[in-house]
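K.L.:
For reference, Swiss-Prot lists these features for the protein:
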| type | residues | note |
| --- | --- | --- |
| BINDING | L80, C81, H82 | substrate binding site |
Amino acid sequence: MTDQPLAGFTHFDAEGRAVMVDVSGKADTERSATARGSVLMQPETLALILQGGVKKGDVLSVARLAGIMGAKRTPDLIPLCHPLMLTSVKVD
């Protein structure tokens, strides 16, 4: 078995098996990331949300919390993603 990755693919070994890249030699660096998404809905649904008329509560606050939780759990959701210390997460 060889540890040399397939040409151009750092997350696969020479046999094509998925591997987690060794980042122990990397220096800590400041990083920033931006994600964007869209939610499609009926105009009536949007009006209810904006008026606070949804019976189950504040939809936008729950969505904001879900975005923050998603950022915190990224290594659990994306295969082979290294956990990084987060200092801030903002959801607009």
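Every residue gets a Cβ built from N, Cα and C, even glycine.
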K.L.:
DSSP secondary structure for H82 (substrate binding site), reduced to helix/strand/coil, please.
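P.N.:
The residue in question, H82 (substrate binding site), is coil (DSSP, three-state).
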K.L.:
Around L80 (substrate binding site), which residues of its chain at least 6 apart sit with Cβ under 8 Å of its Cβ?
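P.N.:
Counting only residues 6 or more apart in sequence, the Cβ neighbours of L80 (substrate binding site) under 8 Å are H11, A18, V19, M20, V21.
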K.L.:
Using a 10 Å radius around its CB, how many other CB atoms surround C81 (substrate binding site)?
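P.N.:
So the Cβ neighbour count for C81 (substrate binding site) comes to 11.
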K.L.:
Let's check the environment of H82 (substrate binding site): how many other CB atoms sit within 10 Å of its CB?
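P.N.:
Result for H82 (substrate binding site): 12 other Cβ atoms within 10 Å.
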K.L.:
Within 8 Å of the centroid of the Cβ atoms of L80, C81, H82, which other residues of that chain place their own Cβ, given that this set defines the recorded substrate site?
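P.N.:
So the additional residues around the site are M20, V21, P75, I78, P79, P83.
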